[in-house]
Every structure is written in C-alpha cells, then in structure tokens.
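Below is one structure, written out as structure tokens; the observations come after it.
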Amino acid sequence: MTPVEAGMLGQVALLAAAVTTALLVPSDRWRSRVSGILCALLATGGVVTGAIALTGGRGSLTIPTALPLDPLVLSPDRLGGLVMVIVSVVGVLASLFGIGSARVASASRTAWASMAVFLFGMQLVPAATDVVSFLLLWEIMTLGSTALLLAHHATRGTVASALVWYSAMSQLSFFFVLAGLAVLAGATGGTGFAALATLDPASWQASLAFVLLLLGFGGKAELVPLHVWVPRVLPEAPGHVAAAMSGAMVNIGVYGALLVCVRFLPNGPAWWGVLIMVLGGVSALYGILQASVASNLKVLLAYSTTENMGLVFLGLGASVLLRGDHATGAADAALLAALLLMVSHAVFKATLFLGAGAVARSTREMNLDRLGGLGSRMPWTAAAFGASALGAAALPVTSGFVAEWMLLQALVHGSRVGGEVVSVTASVAMPLAVAVIALTAGLALLTFVKAYGIAFLARPRSEKAKQAREVPIIMRIPLIIGATVVIGLGLLPGPLAEALASAVGPAFTPDVRTIGLAGVDARGIDVVLDPTTFVALAVLALAPVLAAILVSSRRHPTRVSALPWAGGGSRLRPRMQYTATSYAEPLVRVFDDVLRPTRDVEVTHVGESRYLVERVHVEQTVSDVIETRFYRPVLDLAQRFGILARRAQNGSIHRYLSYSFLALLAVLIVVSL
Amino acid sequence: MNLAAIAIALLQLVLFVFLSPLLIGVIRQVRARLEGRAGSGIWQPWRDVRKLVAKDPVRAADSSWMLAAGPATLLVSSLLLCVLLPLVGTLPLPLVPSDLFVIVSVMLIGVVALALVGLDAGTAFGGMGSSRHMTVAALVEPTLLLAVYALSIPAGTSTLSLIVETRLQNPAVIISPVSLLAMVALAIAIMAETSRLPIDNPSTHLELTMLHEAMVLEASGRDLAWLELGSWLKLAALLGLLSNLILPWGVLTDFSLPGVLVGLAAVTAKILLLGVALSVGEVFLAKVRLFRVPELLAGSFALALLAVTASYLVA
C-alpha cells in the first residue's frame, strides 16, 4: 500500500469516525470539541495525502461497480494533490475555528456530521480519475454543504430561501457539468479521464463540452451570472462554514476548469480563451463593484470571492488564448498566475471569513455601519483580518500581491514575442485585461480599506461594538495560522511557484526558478520578484524613520486628549463618523448606472418650520442587477406557468379521471401507430 | 556594479529628502508671486517640518496606534519610491528592479496608510477625505497602469530604468504619438495621485474641496510632519520620473564620478523646472467638482488605452 492509498483510506476512516461521534456525543459542547478535532484530523489527512501526491507520490483506490462502466478509481495526480492540499488546509482552519465558535445550531448533530461529509467530498473530488466518481464526490460535497447550511433553518427564517437559491444554483451547475462530461464521454467512448483527453479540441463536440463545463465549473466558482446564491447563502452561514465554502469549495470549480484546459482539452482554439477571459473579467469587475458598496461584512467578502475567482479565470483564459497564439512563455506565466491566485485566495479568504466569524461572535453584528473600534478590543482578530485584507487588496508583501503581479506581467508580456505582435485578438485583449485588473485592484483596495478601517479603527458606532471582547484562544489559533500563511507565501513565492509549476506538468512546463533567498524568477517572460530583498530594503528605509520617532517621542511624548482637533468643533457623537455606506457613497454615484441603487430620504421637520429638522431617515439598497434583470423575469415566467398549471389541478375527481382516460387513449394511439 | 547601484539608490534617497521640501517651497513661492503675494520663501516647508517635529503630538482618546504607524508607513513607502525609481541613475539594484507594478504597489501602500489614518481619527472630516481619496485612487489605477504599459512596449519590458534607457538611446520614441498620448495620461494620473489641481486643491482648508487636507486634519506633531514629508517625497519622486521620461538626458547609465554629479544636477534642475511649470499651470486651473473627477479620469484612461492600442496598430 502506497502512502497515497493509506492517506485516502485514512480519510475514509476518519470520515466514519467523525460522523459517528457527531451523531453519538450528547452534549453540544463536547460534540463540538470531539467532532471539531476529528474534522481537523480528516482535513490534515487531506493535507498529507495531497502533499504526497503533489510531490509525485502515486496510489489508487479502485471501487468496483455492478454497472456496465469502468470501475471507479481514485488516484490523485500532481494537480489533484495541489487542490487537495489547498482545500484541506482551509478545512483544518475552519474545523479548528469551529471547535470554539460552533454554538446551538452550528454545534448540532446534523451540522457536525455534514461538516465532515462536506470536507471529505471536497478533499476527494480532486482524486477522482473518472466521470462517475468525480460526479459522485461532487454531489457528496454539494449535499454535505447543503445539509450543513440547513442546520440553521430553525434559528433564522432567511436560511430557507437562501438554501432554495443555493440548491437550485448548485444543481444547475451540476447539470452543466454532467452534460459537458456526458458529451465528452459520448464523443470518446470512455468514462476515464485518460480516455476523455483523447478528443480533438477542434471538433464541435469539444467546443460544446467546453462551453457546458465552463458554465458548470464557473457556477461552482461563483462566477457571474451563476453567482446569485453567494450573497444570500454566505451571510447566513457561520464563520467557519463560510470559510470552508468560500475558501475551499470555490477551488473545486477552478479545479474543474483546470481539468478542462490543462488535462482534457489543452491547446483549444483562441475563442475559448476569449470566452473565459470575458466571463472572468465581467465577474471580477461586477464582484468587486458589489463588494465595494456592501455594508454587511459577510456580503462584502462573498462578493469579493466572485471578484477573485474572476481574476483566476481571467488568467486561465489569457493562458489559453496566448497558447493558441504560440506565446508560450506568457501563456505559462498566466496559468501560473491563475494557480497563485487560487492558492492565495483560499488562504486569505478563509482567514477573512474566520475573522468575520470572530467579529460576529463578539458583537452579534455584521453590519459595518454599526461596528467600529474593534482594533483595540480584539487585537488578535484585527491583526489577522488586517494581514489577510492586505492579501485581498493585493498589497506587498502578501501572497495576493505576488499572484496579481505575476498575472499583470504575463499580460504585459503576452501581446508581443520578440517584438512581434502575436495576434490582433491578443493585442486588444491584453490591454483591456490589464485595465480590468487595474480597476479591480483599485476597487479592492477601497473595499478592504473600508472593511478594515470602518470595523476595526475609529470609535465604536454601537453599544454592541463597544462591549466586544477578544475571542477564545482556540479561535485565535486558526486566525493567526491563516494570517501567517498569507504573509509567508508572499515572502517565499519562489518555492511556491516551483511547486505550482510542477503541478500542471507534463503538458505545461512553466519555467520558474527560485532566485535570491526565495524570490521568483519567471524565465518565460524574463521578470523577477524577490520580496525578501524588498522587505530588507523597506527595513533599511524604516530604520532612520524609526530612530527619529524614538528620539522625538522621548522628548515629545504623545498626549491623549478627549477633545483634539475635531475640525475645530466639539467632538461629535460616534454616530456622526463616516460609515461603510457613506464611505462607498462617491462610488455609488460614479457607478450609478451599473449598481442602480434605490435611496429613500425621509425628513421629519419640527412643528411648522421647514428649517428645523427633527429626524432624517436615509435608506439605501443596492440590488444585484443580474438577479433583478435576469433571474427575476425567468422566475416570474415560471411562476405564471405554475399558476396556469394550477387551473388544471383543481382537485375534482372527475377531472383527474378524465385525465387518466385521455392519457390511456393517447398511449393506445401511440402504440397502435 | 551592485555597489554602484546601491550607492546611487542611497544618493537618491538623501537627495530627495533634502530636495522635496525645497520643491514644495518653490512651487508655493512661484504661485504666491504670480498671485501678487510676497510668499513665505522657499525654505518655509523645511521650517514647518522642523517646527512639527519639535511638538508633542496630540491624539484623540479613542484613536489607535494607526495614527502613529500610518504616517511612518506613508513616509517609508515614499522613501522606497525614491530608492526604486530611476531618478539620478538607471543602474538596476540586484533582485529588485524598478518594476512598474512593484512601484505602483509601493505607492498604494502609502495611499492605504493615509486613508486609514483619515478613518482612525473617528471624525466625519477624516472619513470623508479618506472615502474620496480612495475613490480617486481606485479610478486612477487603470490609467496609471495602462499609461506605463504603453511606455513599456517600445522597450519590451515593464522595468522603468530600462524604459528610460531606451528613450535615452532612441529619442525619436519620446515624440512618437503613442508616447505623447501616454505621457499626457500619465501626467493626469500623477496629478490625481499626488492630490494636485485640478483633482484636489493642496492650498485649501475649505471643507468641501479637500481630500488630502481632510485626512491629515487630526494628525499633529511629528505624525503630521511624516505625513507632509511623505506626500512631498512622493510628489518629488513622481515628478522626477515624469521628467526623466520626457527629458532622459543627464541620467546616469554607467557609474562615474562626474556622471554622478551631472546626474544629481540634472535631476534637481529638471524637478525644480517641472515644479515651476506645475505651479504656473495651477494658477490658471480651478479645481473640478468631485463628481466631475471621474470624467477627467475616464478621459485620461481613454488616452492611455488609445496609446496602447495605437502602439500595436502604428508600430
């Protein structure tokens, strides 16, 4: 038995143990402890197995079936191992956090048992090597997450409607994946992944399958227009569940897209690349625009996932397009950038959601407009959230920065090879993509300055925020680990890039080396980045500043005053600070046409006077345009048919008898033909 | 070679720390004279910094460490700009080339630090300035990146020192239509990044017109000194980059002692000249309304996009 096989069997055993204990342990508190630890162990098993597979370890589990199909084979390759590691690391963090944070509904039997099933499904999807086991594990993952969310329906009324959206959208994406894989299997006559890869990418079946699979996997990766469930479901989920869904599950969608573009149908035509880029670019812009105007912290993070996944797909699309144009160096760099983005997003988004979970636990408030001043009350959470927010805003020295830097470099170097223009499509697509990424990055900066600045700085805007206390140590540990990984991967991009480059082989061989201490040297496009030297430089620049501050602060200590400048007036009430809504107000105005906000201003005057105001009530809602313009009409149409159908079903026994008679008649006629 | 590059980087750092308050002094003095005022002399910014450092900073009871760390971060980010940009010479530092995207992100660290300082004060003014500042920063970024993308195409690299060298060796590139479009777009982006007219009025304290001033309102003592010095350094460094892109002559490409002196003198003269031009230009400009700023930035973005696409069609 190879280590990989042992690892996978170990995961099955741990799943059984976790589900059994979750069902058997009676008290909520002990259940959270035992099941949380078992879930963390299950995820650790995924980390170990994935790491062995990533470094080249092999092994397979074969499950024979009675069906006339190829047997189900689980055998992760390097790429599968990579994805397994990513989702499992997030799983470990989420499980540890869950030990401390799970309460009432999220500590119930259903919740912990389905958490284990969810993690297991996610970890083993990347191990599948044939269509049937892939779809089976995919559904285990989806069902696990649905049941996990369902555990909360008793405590909150909004969960039910969110879950209807979630189930409908995940089944829609499952349908697309199923249809796409069926087309591939039908065209090649096999269900094993090796057989699927024999299809000629230029055939029409390949294009059909590509479009279907892109839609399906894009839906799982929360891309526009299949993202509508995200801003509904994630705010309803507790922090650790949202972290597992948004940090880990979306990567399965990316993995699917990678399977298509790297394993099944490499060297696809240029328009595939353009299609992926358009889908990714629109998602990135739309996601970050919605995130930047959101006032609910979890909605903000949920939309930011759409943005990040959009960037991943933008990189993937650029790599397909550039490969078609024979700009191989840049194409490989773009693929690498997509992988880097996926890795960095998983870590920083999981940590951000855990941070949001910590804030929710301490304040029971997710509306940024009522938070504030948490930095001094929850220093650990603030530090972890701040570091991950730096990653999300793609600032140095975080993994997010390295990923976005690589993507931009790939695009800038992609349109020309040796001074020659590669193609007209590329020379239009690359500048536009750079502009989209730049605008996205700018808005992401604003979004996370808002999220961190409004929630953790300034004065508390409500009593709940004032009473906030730091979360217990078991919840702090995953937060700190997550933040450390965000910074660590940003400091050591060289080894990371080498590992990622090995994962997409042998079809793709991005030429990257480690340079300096742990910097990355992308030889295909001839660019280097060494964050450690960069940090050393920053420290050198900081030294004199720090010395000056120390000398000056000894002579002139900082005085704290209850009434400092305050614009010359008295210090106003905390409610009069800028809030998240007012922070995004200029942006709402600028992007009025896309966001279509509805604003209600209600002024109550004192007595008869028009000049004295007693109360002003302002309400602003920004709706999801895609939901109101695209899904609503379809749903309304479906409902109209439903009402029509209701007329046919009025409960009269005579009518049903006549229906059966007509049906029988129809059958007889058909048979006699 | 590496030692020479490090020496030049240090030299740039020291030069700009001394030069940037002088540049602001010159800008203010020229403007005062043009407006018929006597002005406070070109050394006034120096005296301001000295005065601020010798005062006790005062901070609000509920504010956090950000009020002290933010200004220092802004200053460090501006100092890093002075180290990384090709100002006196184009000798590449080992392992940290003057990569366009790295430089923009270094600048953004300063932008974020300033915005957080504005929020931490916990007043309406600070929040307002911070919100507007970030909105402008978000909208400027596409222009900034596309403009330098356009400039990078003739050189085939996004390393700024190589771009400057290419322009030095082949001056025809400088007056090509692509380069001119890109330079106009870049100039507008830099004006927005450094809070100059017509996006922000640096000499105002009127609440409805200010971006930068609103954020630094609550800072005092050395914190305010770092914020001011950091902003000045950023302006000087970006003007230095702009001037080296327009007039690359005098930039040191091979290390030699006379070359260093020429490089120092050239960059000082160029920056002061550009500062005077900026000041004269600003006399004739009014600040645009905040909600007209996106139109201006969209216009500059269109120029930058035109520059990039034209470089494929024309060249």
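For all residues, glycine too, the Cβ spot is worked out from N, Cα and C.
Curation does not apply to TrEMBL; its annotations are automatic.
Quantities reported herein were computed from a predicted structural model and do not represent experimental measurements.
Summarising the annotation, TrEMBL assigns transmembrane segment to A:6-25, A:37-59, A:79-99, A:111-128, A:241-265, A:271-289, A:301-322, A:334-359, A:380-408, A:428-452, A:473-492, A:656-672 (among others). What TrEMBL records for A:128-427 is domain 'NADH:quinone oxidoreductase/Mrp antiporter transmembrane'.
Contact count against the transmembrane segment (A:334-359) (Cβ pairs under 8 Å) is highest for A:241-265, out of A:241-265, A:271-289, A:428-452. Scored by C-beta pairs under 8 angstroms, the transmembrane segment (A:380-408) has its highest count with A:301-322, from the stretches A:37-59, A:79-99, A:241-265, A:301-322. Remote same-chain partners of the transmembrane segment (A:301-322), defined as residues 6 or more beyond its termini with a Cβ less than 8 Å from a stretch Cβ, comprise 218, 221-224, 227, 230-231, 233-235, 242, 246, 250, 253-254, 257-258, 261, 268, 270, 272-288, 290-291, 294, 328, 330-332, 334-335, 337-338, 341-342, 345, 349, 352-353, 356, 392, 404, 407, 410-411, 414, 422, 425-426, 429-430, 433, 436-437, 440, 444, 447, 451. At the 8 Å Cβ cutoff, the transmembrane segment (A:37-59) and the transmembrane segment (A:111-128) share at least 3 close pairs (sequence separation 6 or more) and count as touching.
Within the same chain, residues 32-33, 36-37, 39-40, 42-47, 49-55, 57, 106, 115, 119, 122-128, 238-241, 243-244, 247-249, 251-252, 254-255, 258-259, 262-263, 339, 342-343, 346-347, 350-351, 354, 357, 474-475, 477-479, 481-482, 485, 499-500, 503-504 sit at least 6 positions outside the transmembrane segment (A:79-99) and bring their C-beta atoms closer than 8 Å to a C-beta of that stretch.
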